[in-house]
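To start, the structure itself, in structure tokens.
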Amino acid sequence: MELTTRTIAARKHIALVSHDHCKKSLLAWVMENRDLLAQHELYATGTTGNLVQKATGIDVHCLLSGPMGGDQEVGALISEKKIDILIFFWDPLNAVPHDPDVKALLRLATVWNIPVATNRSTADFLIGSTLFSSEVTIAIPDYDRYMQQRLDLK
């Protein structure tokens, strides 16, 4: 697939997602990084978002709960280029009924080349990067060209 570029603004749109067994860890991480995260636009699946808002007072765009379609909502926002970073503390040791949604979410984050943190260490590396609060240009699929080629029936 051909690539193009996308510029991500210094003020990021960050999605926060966590499995039930990881919510305490994500909340602790958010609390430790509250001041920096408050400078960005936060989105989250339902339960996670409400817990973050309650614990920090930061406004969060709360989507549906993950198992009720929230993971897919986040994936759609990624595809629409409305999410710049995904912080997803997931539990690799416990299966969840919506595992296919989880795989799809991680796949879309990879397709659209956005940074993903899946645990505290990667989240620390990501938020500690000078790029976290800087404008940055990333390579993404050239969807317009992709559609043009698919519609060219010659």
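Placement of Cβ uses the backbone N, Cα and C atoms for every residue, glycine included.
Per Swiss-Prot, domain 'MGS-like' is recorded for 1-154, and the stated evidence type is sequence analysis.
Look at Swiss-Prot and you will find His19, Lys23, Thr45, Gly46, Thr47, Thr48, Ser65, Gly66, His98 tagged as substrate binding site. DSSP gives Ser65 (substrate binding site) a coil state; it is part of no helix or strand.
Asp71 (active site, proton donor/acceptor) falls within a helix when secondary structure is assigned with DSSP. On its own chain, Asp71 (active site, proton donor/acceptor) has Val17, Thr45, His98, Asp101, Val102, Ala104, Leu105 as residues at least 6 apart in sequence with a Cβ closer than 8 Å to its own Cβ. Residues annotated as active site, proton donor/acceptor in Swiss-Prot: Asp71.
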Given the substrate site His19, Lys23, Thr45, Gly46, Thr47, Thr48, Ser65, Gly66, His98, its other Cβ neighbours within 8 Å of the Cβ centroid, in chain order, are Val17, Ser18, Asp20, Pro67, Gly70, Asp71
Greatest Cα separation in angstrom, residues His19, Lys23, Thr45, Gly46, Thr47, Thr48, Ser65, Gly66, His98 binding substrate per the record, works out to 17
Confidence over the domain 'MGS-like' (1-154), expressed as mean pLDDT on the 0 to 100 scale, is 95
